[in-house]
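Chemist: So Swiss-Prot lists the following for this protein:
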{"type": "BINDING", "residues": "74, 75, 76, 77, 78, 79, 80, 125, 222", "note": "NADP(+) binding site"}
{"type": "MOD_RES", "residues": "2", "note": "N-acetylalanine"}
{"type": "REGION", "residues": "2-82", "note": "region 'Required for mitochondria translocation'"}
């Protein structure tokens, strides 16, 4: 009995001496909870401010804000074409750049007829290296370029392990995903700085959020574009230039395999037209955004989840996409 009493007294003494530590831990827990709560509220406010409020107010005058002409690379399909059409719907004249003259002429005519704006085309294969840029520079030199959209890019035929990717594809990723955006900015930025206004939109990818297995080179090239855009914003914001890093997740383009299960979730995987309509409304508001409300929710989850969980999910998704692509080939 005496032993029990002694233990009870000892326990009380230890508990009394630990009270200050328990209170300190409670304060730390309260601070952490408050901080996370404030972060969630701020993220929710940002989501509303970016993706819903702009749809309730009158559209910004992009011509007055940036200039009369927009240049869109990779403009004959997918996000590039949809973005060009959305800018044209707001009255901007469009210079379309892509490698297929036939497609360029068709898209340029469609845009001119539908939106009653001027269009021009530049036939350029960005995978051919530096030789095309003098021609592009000459074609754009007399234009009042207000907006540059760096959309052109190449993707793997389907998710693959790095050693399975061909050397040609790796060179295309360097030349098209990385070099094209860098050199297009180098061409148009001096004119924007001289006029003290302009916008540069560079389309990265949600795969740049964290290391993405089976898309190693592609996701790394998109991470370059994200960091490049953010650094440019810091360099040139004081000169009147708005630089936006656009980080879409899956959009229903050729990148998401036609017939894929991804196309069955339109609220999660929007059409290029829907995506571009939302993305353009964020221009001038957010320097770094996914461009679409459900993608912003995905981006928030990606930011907060541990890297191992991202890698696990990416492996499952990319294995499914590879299996589906290979079964379609068979």
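Glycine too: its Cβ is placed from the backbone N, Cα and C atoms.
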Chemist: Averaged over the whole of the region 'Required for mitochondria translocation' (2-82), what is the pLDDT?
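Modeler: Here the predicted model's pLDDT, averaged over the region 'Required for mitochondria translocation' (2-82), is 78.
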Chemist: How far apart, in Å, are the two Cα atoms that lie farthest from each other among 74, 75, 76, 77, 78, 79, 80, 125, 222, the residues recorded as binding NADP(+)?
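Modeler: For the residues that bind NADP(+), the greatest Cα distance is 21 Å.
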Chemist: Neighbour count, 10 Å Cβ-Cβ cut-off, for residue 80 (NADP(+) binding site): what number do you get?
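Modeler: The answer is 26.
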Chemist: Would you mind checking how many other C-beta atoms are within 10 angstroms of the C-beta on residue 74 (NADP(+) binding site)?
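Modeler: The answer is 25 other Cβ atoms.
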Chemist: Within 10 Å of its Cβ, which one of these binding-site residues (76, 78, 222) has the largest number of other Cβ atoms?
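Modeler: Ranked by Cβ atoms within 10 Å, first place goes to 222.
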Chemist: Check the DSSP secondary structure of residue 78 (NADP(+) binding site), expressed as helix, strand or coil.
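Modeler: Reduced to three states, the DSSP call for residue 78 (NADP(+) binding site) is helix.
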Chemist: What does DSSP say about residue 222 (NADP(+) binding site): helix, strand or coil?
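Modeler: Note: residue 222 (NADP(+) binding site) is helical by DSSP.
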